[in-house]
């Protein structure tokens, strides 16, 4: 969690005072003692242990890393038992006794602390010991030593707990490693035996035999470091040692962060490697030869030179001159409680403990005392928690506020006292704190709107009070005017803290709830106490907009975690911006009556400064808090990243993509093994989690297998755990925790991601309170690097090692020249020599399929590449060969070899070169060949030969003449050949065919009906005609008898003729009706087909437009890539030309001064010419891009007109067919708009 400038404060290793190593005689007592005990107390030379031995008793000791404080004088403890007090008093008053007492406070948490009291012979001795011990226990480097130093500590334990005759007890060696397993005890004894030491349970070992070297050998035999042996064998390649070169490679390739600047952080060289060998190799013969054994490698891997965290991160290394709102501040909630929120005990001592551990914001719930003295007390109101005196707490704060760091302390008052007792509170603060109290604003930081909070540096050794400020009548009026606004919660205390219905107090739905709410509400501030409030004034939170409008950095608000989470979800950016300007405090919700903590990382992501936790509960959130605030000198302040401080930057804590200006990281952790994890014979496993932004947080995903029944040297050695993308490394932390198979925590460590050292590292584990455990260690391999998106690994590798990448490119060029059967000399970057055009054309033939790529890997089938035709330029022969690289990048690997001059009468000759992501023809493309007379003079030899035989290039050779490939916009015809469009056409044609078939069925059905109707009419008419004929025949027979046959026959024929004409008229009428119906049907069907076809036009042209827009974007991108490549090649050529000119000068100018002058002239000339040519190329590129854009616009306009034209042609086709229907043979045709004359491709 770092940002801004770096301010490095050098840490110094602990120095053990002589008085401590010499030892002194004390009378020791503790709370369980009945009498004092005289003993000699000493500290070992390295400052690992304080140990004492009473007469006829065994030596006892205490690790200094577990000591929390050393006190004397008024802060020391006085025996409560009068008999005990008399036994330790050597005369004098109680005050003198306190001055001669040294109280050692130690413990594995902040609640259950233990006191050891040592009474010296004089106050001077007590003072010396107190000062010397405090320097040791608060030394940051002493807490963060390497594994080998902890082995020295363990060795020291064995050496100070010797037998009366000064020998090491084997039973102690066993006891300190294992306590319950016979098999483990046997392993310890066998390891002792393997190094030639006595190994019986009751045996003794002489200190002369039991040297630290022997102890290390015993430790290595016990742990059996086959993991390191494996690493060694992989590097050594079957040799029993590493050479200096192999050590250099190991350090640079494995142990060095590849992201470091090689100038500020140089690579390891043979000299540095030899220094490492000299320092850690125990075999002197190997040292002389520059060889490194596995023992030496093991020592190095466990040394201070191979720590997991950069030691600079432990000291004050951040910019401490920023204003107060720009830091994360280590903060406590309900500091006075040692347990449960409803029934827990209140303690003065815990205030000392949280301040000593680096907490800089503590809470004091102040209530009226109920004794006769009317002394204010601190307790959790309306609960069963005990009370402590306000004055005692203030004295404890004054004593410990700046004992471990000088950075300011914030006292968060929740004030429920009456004005009278508030006056006492103010008096105690003024009198006890004295100059430490910031009782008025600093002159350079006035309390004005728009002014920032004071800088952290200006507040050194200052105590700041947060309490409600008394407001003027005018300000009260202003507040009342806005009181109607909706507040963030309905249950808010007057100091700005949004108290939920339960925040340590129980609120019941009964008749007394109203009175209780009135009692819980904070009292109005007293004038004296209000005057002590300045830069931290709690107010009701209304909205982020309101706070921004007021712009008062000295006002702050507190949020219960649930409300803060809601605000973070709804307005994350506004919350971050609010925290850039002023403070916010987040505290646990009231339902956490068991004093559990919420996850602080959620609110650190939003820039919240005061994320208050219950320090009495060492749960996961508290472990993260302690782990994170261990860094930056344990001062309790961590500088927020710059984008959380700068008003011109916007940051969304829910960002998943890379944050602007921040390089995302990637971390890989391989858990290899563990050493001395527990003295129990249990199974163990390791969990690796990451906490940071929501996008970076990975929990309960990575854990190793359980290694059963082995707490001494379990080997996990599983696949690495990969955190592929860490969006914000500066806010991310890695937590590595080791558990027993039952789930019980053995040890853990919290490590900042941006401070990790990669490579093979040992991680010393900490307990829940972040105190270092002596022996437990995890051996890991960590890889840290910048995040590279998938598919760009080769490109990133080229940037990281351009020399190797360029060497590979040159090798490929040479192979390519051999493939193309080049007979001429290849030199430098030039692969193709300048030859006559006919030779070039001949020599660049390639196999048919050399450049062809699968069709599906090309975005467009028809992307036009056309050679530009520069005005007044000669044409040249060019062979372009594409080579596929990576997954979809086709590059042109050969470069132009012709150089043209802008000499008198000679016009520039442009050659064409491109790097294209689209496939080109598999055959070498031959461009128009100029007449031999125009090119032969230029194409005689390679540049390399020319440079060797003659002078360097002239100034005219500097003219840019790069190959250009014109990227043409796709035509409408090419767009219509695209796969998606063709599919759409096929779909539309299928739908149209379906419609036509439907229409054919309708027409056939109608026609069949017509035929049936006509047939019926014919039958009816024939029947009528037959009936008439029978009647006439009957009448003729009668008429023949009567003699009137002729008349009757004539009349009958007239009737038959008349009936035939009537029948013909009916048939014609029916046919006309049928024809009209058929025409109407066909015309209607044509109209439906027209409407259907018109509806298909819009989707078709929408698809064309989509393809067109995509092609435009890709063409512009391609053009930019081509331009970038051309500009890059121009720069390379210019630099190469300049180098050749300088070499030419060096060979031909012998006088030193003249040579320097000529070189300066040449460099100046080179710069001017290079700038000129680059501007010229840039102008050409801009013009070319403008031309492409104009061409694209024309295509777009053409497509619009093409659409209108298609509609018109479709309408014309319809009109033509519509009008032709009446004249067609209706029985033999069907309605089909496109049956004969396809005007469009629909």
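Each residue, glycine too, has its Cβ placed from N, Cα and C.
No curator has checked TrEMBL annotations; they are predicted automatically.
For the Ca(2+) site that TrEMBL gives as 334, 363, 365, the extra residue drawn from 281, 399, 414 is 414. Of all ranges given (469-526, 527-584, 585-642), TrEMBL attaches the label region 'Disordered' to 469-526. Of the listed segments 792-820, 908-936, 937-965, TrEMBL assigns region 'Disordered' to 908-936. Taking the centroid of the Cβ atoms of 334, 363, 365, 414 as the Ca(2+) site, the other same-chain residues with Cβ within 8 Å of it are 333, 335, 336, 364, 378, 380, 412. A mean pLDDT of 93 is what the model gives for the domain 'C2' (645-773). Considering only the recorded positions 363, 365, 380, 414, the residue whose Cα is spatially closest to the Cα of residue 333 (active site) is 363. If you measure from the Cα atom of residue 365 (Ca(2+) binding site) to that of residue 380 (active site), you get 6 Å. Ranked by how many other Cβ atoms sit within 10 Å of their Cβ, the binding-site residues 363, 365, 414 place 365 at the bottom.
Secondary structure at residue 365 (Ca(2+) binding site), taken from DSSP and collapsed to helix, strand or coil, is strand.
Just so you know, the Cβ of residue 334 (Ca(2+) binding site) picks up 27 other Cβ atoms within 10 Å once every protein chain is counted.
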